[in-house]
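The structure appears right after this line, and notes come after that.
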Amino acid sequence: MGLNDSSPGAMRNGRGLSDQWADSVVVRPRTTERHITVHKRLVLGFALSIVTLIIVTAVAVVLSIRFEDCGERRGAAGEAGPRGSGRSNGSRGDRTGERGDEEAVQPWRNSRLPGSVRPRHYDLRISVYMDNFTFSGEVSVELECLNATRFIVLHADRLEVDRVSVTAEGAGGRPANRPGGGVMRIHRHFPFPANQMYVVALHRELKPMRVYRLNMSFDAAIEDELLGFFRSAYSLQRERRFLAVTQFSPIHARKAFPCFDEPVYKATFSLTLRHDPQYLSLSNMPVDASSLSDEDGWVTNRFARTPRMSTYYLAWAVCNFTYRETQTDGGVTIRLYARPDAISSGAGDYALHITKRLLGFYEDYFKVQYSLPKLDLLAVPKHPYAAMENWGLSVFVEQKILLDAEVSSSSYQMELTMVVVHEICHQWFGDLVTPVWWEDVWLKEGFAHFFEYVGTDFLFPKWNMEKQRFLTDVLHEVMLLDGLSSSHPISQEVEQATDIDRVFDWIAYKKGAALIRMLANVMGQPLFQKGLNDYLLSHMYGNAARDDLWSKLSQAMRSEGRDINIGEMMDRWTLQMGYPVVTISKNQSEQRPTHYITITQKHFLYGEEARKNLSLQWQIPLTVAVGNESSVCVEHLIWINNRTETHRIGQMDDNTWLLGNINQTGYFRVNYDLQNWKLLIQQLHSSPQIISVGNRAGLIDDSFNLARAGYLPQGVPLQLIGYLPEETSFLPWHAASRALYQLDKLLDRTDEYRLFSDYVLKQVASRYHQMGWPSNSAGTEGSVLQASYQTEELQRELIMLACSFGNKQCHRQAVAYISDWISSNKNRIPPNIRDIVYCTGVSLMDEDVWEFIWMKFHSTNAVSEKKILLEALTCSDNTFLLNRLLNLSLSSDLVPEQDVIDVIIHVGRNPQGRNLAWKYFREKWDILNARYGEALFMNSKLIGGVTEFLNTEKELYELKEFIQSSGVGAGPALPRALEIVEGNVRWHRLHRRQFYQWLRKPPSLG
């Protein structure tokens, strides 16, 4: 079916008008005088028409030239000027509203794609040249026109676009049946670098509800910067080998091919890769057809068509890896690709094994089958993140997927396990159902982070991750960030490409996970699963927003007669920053023995001067229990909607204590009146097991943070941890260790530091000596899985505390292990504590030990061992060695690129290296920002890691000076760093004296 108007007067090659006039004068009738007069009038009219046509054409040419000049000037300005110079003044996501005349006429000036056309299918052909690290490509995009437009606007970044054509398509995707094959005449095509866009301007409008095909050819470099289509290298038998792999999330597919690079523009993809036959190629789907060229011997792999998906989940790799494979009961082929030596050593077998189990677990939990015929796991030497969940081709940095059972600790195995669990969850939350826009990135990252703990519990129930480790590693950690006034809601507006980076932070991941966990506990497991199933089935192969999730979860609740408006409840938690501190106090009425409690909620903030905004309120599902020396009564669920409420709780007397947020399922802190704190502390000292292990950890974390923020006297948390010698569970010790670590870095350069370290050692000593050190037999996968994980982790935690705070026996044992290793060249140090022993040995022993560890770092092939050896080098007290390490890490290939940031951060955590790292960071900022600035987490991680323990007035002044002179382009990381350092300085000014006063002579509480 023809898509264009084919009437005789239709414009064809710009000549429609003159052709009509020519037709009218071809045949001349015989003339009489009257006919001659008429003929003269016709000729005169014809002449006037010709003149008019010339004038109109001249005006059109002038306007065209001005249009091109304007576009070129603006394009050049966009390229040379700051990013975002073409920013929209309109509201977020506006497509038809008030954008301003300029953006309506020139839609590429808007930061978002105009939405006039949408892609249905990409046919992408890429030729990869590994000899000079370049690639060329051709893309053919089937487009559906939604609104009439003369412009096709899509994304392209750092691509040299060569040829562009547009054709109108008839039924079945065939070119329209008309002369020229449906070719649309292109007025011009040009890049608009300010918004990373490419514009194809047509002479005639595209018509709504019709299909077109955009063809583009392009060339680009295979970059060395970890984004887009980038290269990496490794050594095999002293031969340097290269590979190339993609990283498109969130906005880097446009670096590899022209595309509509926003999540909502889902399409199918047919990819063809052509490359040297010494390499193999991978993509999201299996190879459909493969051929060898007779001319150059190159291989061409055509991959099967993908399901509908967003551009940032497309992926491919060209490498000479080998693989191991397995298959699920449902017939899904799972392969793990890695360096040949890693595959032959079995380093990928563990991840392959758990992936097979996890696919079955998620299919059963979500009641939705995995959608693709295969799932490849690709282990690469360097990558900007731990992993990326590309559909059917998940990419992992080697440290997060390869496990050497002989040298890897149980904590390393746990971390690796959780990364794999996270990425496999994304095959549903992310790949199958994708957030509409980046403001709701937590819809995929929060779920994947939550299921890290649920999925790991499925694999290893004895680890008890969701009820225990989730508290310290997610809840407590993110509350540190979310208690700052520089925090933000997990759903936040995103307009510019540069804004997208800031949504990928721990607020989206960890707060998202904590809120999902709270909601799952409110709903109950069966209804929560039912709601998720409905959500996935309703939006599979499409996009969804948070309201879509709330709707399905509310429907699940109503199906069981529970009328809770999930959207109304959760909007308070997702659209507001921060969280509340809930204060519970007894309020005994005159009519005994009935008792009431008063409950207040306030926005928790570390900065006292920031607490002036009292407008934020939440709908809080508060669970409360009452107890005494021998028992705890049944918990009550109370919904808190107002700033202050009074609730009847049952019988209490003077010896009855209150406990809120049972098992820490809620995302808030709980405070009490001082008398209740005193009763809780007495309970912990006399019989701690009466209070659950989760709440014991919660009391420790809440008390330290309430004291740090000025809600509690400094002595309350110190008196509370006095019960730790009686504590036999890992989780409370881990919570205490994390809180004490924060204090340690605040105090480690003060004159009275010994008062603090001695108090900590006093709490640690008896349990440390009782637990002892692990045996020095090498660990195996079996021993980790069968042994008591909690006991092993408690032993490790106690050794770390003892060595870190200066226990002499711990120091002697660590030195003995290192000395034995050096003298025998046999490493008999138990894998689970190697990082502690290495660091302690380097800090206590001479330069020769540092050189020995440096040598081992270069000689080992085990990725987990490399990581802890490198971190151990940062523990030296020798500033010369620390400075040498800093310089080597940034200016040579001796330290992997993704590990440079960790080196700088760990030097900064060393009290002897803090000033050194801070100075180095400022001096090298331009280099560091150029290298890592575009990678989401890296810059934020670096800035936070280097500055978080600065705590003097001088350092605060230096930070302010640095922000003023160099802080452009760092996003929210620098304002957050400034708030944290201001808080550190404020704590020293307001609380340090009281803190040390308590340590000199601990008074009784109350």
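Cβ from N, Cα, C; glycine included.
These come from TrEMBL:
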- E423: active site, proton acceptor (ACT_SITE)
- H422, H426, E445: Zn(2+) binding site (BINDING)
- 77-91: compositional bias 'Low complexity' (COMPBIAS)
- 119-313: domain 'Aminopeptidase N-like N-terminal' (DOMAIN)
- 350-573: domain 'Peptidase M1 membrane alanine aminopeptidase' (DOMAIN)
- 657-979: domain 'ERAP1-like C-terminal' (DOMAIN)
- 74-112: region 'Disordered' (REGION)
- Y509: site 'Transition state stabilizer' (SITE)
- 42-65: transmembrane segment (TRANSMEM)
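TrEMBL feature annotations superimposed on the structure.
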residue : record                             : Cβ within 10 Å
H422    : Zn(2+) binding site                : 25
E423    : active site, proton acceptor       : 26
H426    : Zn(2+) binding site                : 22
E445    : Zn(2+) binding site                : 26
Y509    : site 'Transition state stabilizer' : 24
Seminar exercise, completed: recorded positions H422, E423, H426, E445 vs Y509 (site 'Transition state stabilizer'), shortest C-alpha separation belongs to E445
Seminar exercise, completed: Here the Cα-Cα span from E423 (active site, proton acceptor) to E445 (Zn(2+) binding site), rounded to a whole number of angstrom, reaches 10
